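Now, the feature entries from Swiss-Prot:
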type: BINDING; residues: 12, 73, 74, 103, 104, 105, 106; note: ATP binding site
type: BINDING; residues: 104; note: Mg(2+) binding site
type: BINDING; residues: 126, 127, 128, 163, 170, 171, 172, 223, 246, 252, 253, 254, 255; note: substrate binding site
type: ACT_SITE; residues: 128; note: active site, proton acceptor
type: BINDING; residues: 155, 186, 187, 188, 214, 215, 216; note: ADP binding site
């Protein structure tokens, strides 16, 4: 049985990361295993920024967003010498295994450490839901709720002034936040990463709505895919459609806030599952949610998986949300 494990959060923060930390600490404690938190992700691993965690410390973080341990990006971790320093720090502290919470980039580091003798388990922590080997990532539900609430508020004011609004949403190349928000808010026009509309197409569709007498429009777009700002997209749509068109960039508000009950549940139980696997002497695994059940897969296999093709659903939803009658 292992005696000490470490835990770190890497990449962009996501609501629910603290619940995963709590799940690891409480489960490990029940098995007599000590847990050390690594501050600021892989950077803390290389610099030896370790702190001993206990159950009492986790009680105050269950309802908090962000990550108690802090997070930082370290591209240099792909270099062997940097990883060797990290492994030396772990061995010096007597840490035999590691739980890594983050996205795809974090898992590559975890796989390399496993190959160097430190068993690692990866948990999917990102609001983007861009990891193919899990139905939902930790943080996705909370971010979605935050976005939907914001779009509902935007709808109120657009309706009052007969305007359209272009809402830019995060996703890191994955359109799930856009598509799910379109379902939840009835957005008339939406352009997720998987099936982008051109600005001309969005403008012409908006023009059709205006000619039918629709008072307001919500237009959702995935971030960083048009090469211009949301304000510039709005200006172009306004010229084509005739709607007075505003732009809203939700930005980092999507990452913050208290995690929803579902994110807390997914994160905590994933942390429990990770400790159980490490206690069995297993490593190089990724914990994902599949059909409402936690599963463990080899990290290598998860990195090559492709997400389900959502284009048929997106096209069907466009027809439904795009229909308007008085």
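Just so you know, glycine gets a Cβ as well, placed from its N, Cα and C.
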Using Cα positions only, nearest of the binding-site residues to residue 187 (ADP binding site) (73, 104, 105, 106, 172): 172
Among the substrate-binding set 126, 127, 128, 163, 170, 171, 172, 223, 246, 252, 253, 254, 255, as the record gives it, the longest Cα-Cα distance in Å: 33
CB-centroid shell, 8 A cutoff, ATP site 12, 73, 74, 103, 104, 105, 106, site residues removed: 10, 11, 41, 102, 109
Intrachain C-beta neighbours of residue 255 (substrate binding site), sequence separation six or more, cut-off 8 angstroms: 12, 13, 14, 15, 65, 66, 127, 139, 143, 170
Cβ neighbour count (within 10 Å, all chains shown) around residue 253 (substrate binding site): 13
Spatial neighbour of residue 172 (substrate binding site) that is closest, considering only the binding-site residues 73, 74, 105, 155, 188 and their CA atoms: 105
Residue 128 (substrate binding site) CB neighbourhood, other CB atoms within 10 A: 23
Check: same-chain CB within 8 A of ADP site center, minus 155, 186, 187, 188, 214, 215, 216: 158, 159, 209, 217, 218
Length of the line joining the Cα atoms of residue 104 (ATP binding site) and residue 126 (substrate binding site), in Å: 9
Of 12, 103, 105, 186 (the binding-site residues), the residue whose Cβ has the fewest other Cβ atoms within 10 Å: 186
Coarse DSSP state, helix versus strand versus coil, of residue 172 (substrate binding site): coil
Winner by Cβ contact number (other Cβ atoms within 10 Å) across the binding-site residues 106, 172, 216: 106
Alpha-carbon spacing, residue 105 (ATP binding site) to residue 186 (ADP binding site), which is rounded to whole Å: 34
